[in-house]
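Pulled from Swiss-Prot:
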- 12-18, 40-42, ARG304, 330-332, 412-414: GTP binding site (BINDING)
- ASP13, GLU14, GLY15, LYS16, ASN38, ALA39, GLY40, HIS41, THR129, ARG143, GLN223, THR238, ARG302: IMP binding site (BINDING)
- ASP13, GLY40: Mg(2+) binding site (BINDING)
- ASP13: active site, proton acceptor (ACT_SITE)
- HIS41: active site, proton donor (ACT_SITE)
- THR298, VAL299, THR300, GLY301, ARG302, PRO303, ARG304: substrate binding site (BINDING)
Amino acid sequence: MANVAVVGAQWGDEGKGKVVDWLSERADVVVRFQGGHNAGHTLVINGVTYKLSLLPSGVVRGKLSIIGNGVVIDPWALLAEIERIRAQGVEITPEVLKIAENACLILPLHAHLDKAREEASGTAKIGTTGRGIGPAYEDRVGRRAIRVCDLADEAVLKAKIATLLRHHNALLRGLGAAEVDGAELLAKLLDVAPKILPFADVVWQHLDEVRHTRKRVLFEGAQGAMLDVDHGTYPYVTSSNTVSGNAGTGSGVGPGQVGYVLGICKAYTTRVGEGPFPTELFDEIGKSIGERGHEFGTVTGRPRRCGWFDAVMVRQAVKVGGITGIALTKLDVLDGFKELKICTGYKLDGKVINHFPASMTGQANVEPIYEVIEGWSQSTRGVRSWKDLPATAIKYIRRIEELIEAPVALLSTSPEREDSILVHDPFAT
């Protein structure tokens with residue numbers, strides 16, 4: 001039986017929450033495999049809005065939901081999110097939610113360092129959410145992170161805190177920021193430990209059992225391919241691998257278990273924060289797209305930058321992310337425009353190129369080459385059948401498929417989960 005990995009194919013905020021919820025109804029297990037509470041999913045179910053950051057979308061439907069070892073976890077943020085979702089009537093128990101015991105923690109000192117660095121960077125800032133994601137991943141690869149399993153051993157916590165503070169307090173001193181008190185940090189961790197540890201488990205074993213019983217697993221990615229620490233617009237990226245190759249590594253299964261890779265992208269392009277954005281619109285059209293699409297970050301509330309669909313970027317995401325098919329979202333936002341534009345290539349130093357360059361200079365200087373497509377006046381909002389789409393909307397979709405070299409498997413026409421057109425069932429592969 002096929003598994004499915006859902007990943008972003010742009011700069012995040014593509015509408016993964018709705019698609020994951022739509023698929024999770026038919027999945028047996030939902031797994032988060034990377035990122036932290038810097039990314040958010042908004043789910044709308046029966047008129048009720050749920051905003052999730054760390055919790056896998058499956059919890060809302062009572063499905064076994066796993067936070068994998070590739071996720072960095074702020075335990076206080078996680079507990080606050082659990083209580084908020086419980087207050088909406090959702091039952092969250094250790095039978096429903098399991099956290100990888102080898103997942104690394106985000107501590108208050110990580111957010112402290114994150115903000116101190118951004119302030120010191122001035123105009124060269126990356127535009128992080130300031131929630132400590134990057135510093136937590138640094139500690140993971142630096143082999144000094146505190147992991148979920150460490151919460152059960154006070155002696156280990158004391159030793160690891162001492163190691164952490166030798167590193168972090170030196171950095172903080174250099175930035176002119178206040179140092180961290182070890183005793184205070186230990187007290188906070190000992191207080192939160194009994195609230196987190198009941199959810200801790202050997203999740204790779206559970207996933208292996210699921211594999212042998214041929215149950216369906218949905219791997220839920222955060223952010224998007226162009227925020228990948230290797231393949232994105234470095235250094236304006238997140239601190240983890242967001243592409244599907246990390247679904248296995250970040251959850252404890254082999255790469256062959258990932259299955260169908262569904263890339264999510266909007267019918268236009270958005271980005272939050274700093275970094276290059278070749279098709280960004282600074283005119284009334286860009287403003288209109290932002291207003292129609294309600295383009296504000298789920299977690300940060302920051303307005304998103306808006307622009308035309310960039311087929312070069314999405315095609316690159318398809319290639320490096322192993323994307324099998326695309327879920328195209330927010331088509332309805334483009335209703336009423338007389339003409340639309342699709343970026344089909346870039347000009348750089350007088351030459352035409354068909355990829356997004358790796359260098360910062362190249363990324364900043366590429367000029368989009370546009371193809372103009374006729375728009376449509378008929379509303380597509382809430383359409384649930386391909387035959388009810390305007391002919392020009394279908395033409396727009398088909399052109400996108402040609403340019404990105406991947407088929408549209410799913411089309412979303414509103415935030416409501418049922419307002420979708422299934423072209424190809426990812427679980428049927």
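Even glycines carry a Cβ here, placed using N, Cα and C.
Here THR413 (GTP binding site) is compared against the binding-site residues ASP13, GLY301, PRO303, and the shortest C-alpha distance is to ASP13.
Counting Cβ atoms from all protein chains shown, ASP13 (IMP binding site) has 27 others lying within 10 Å of its own Cβ. Taken over all pairs of the listed IMP-binding residues (ASP13, GLU14, GLY15, LYS16, ASN38, ALA39, GLY40, HIS41, THR129, ARG143, GLN223, THR238, ARG302), the Cα spread reaches a maximum of 34 Å, rounded to the nearest whole number.
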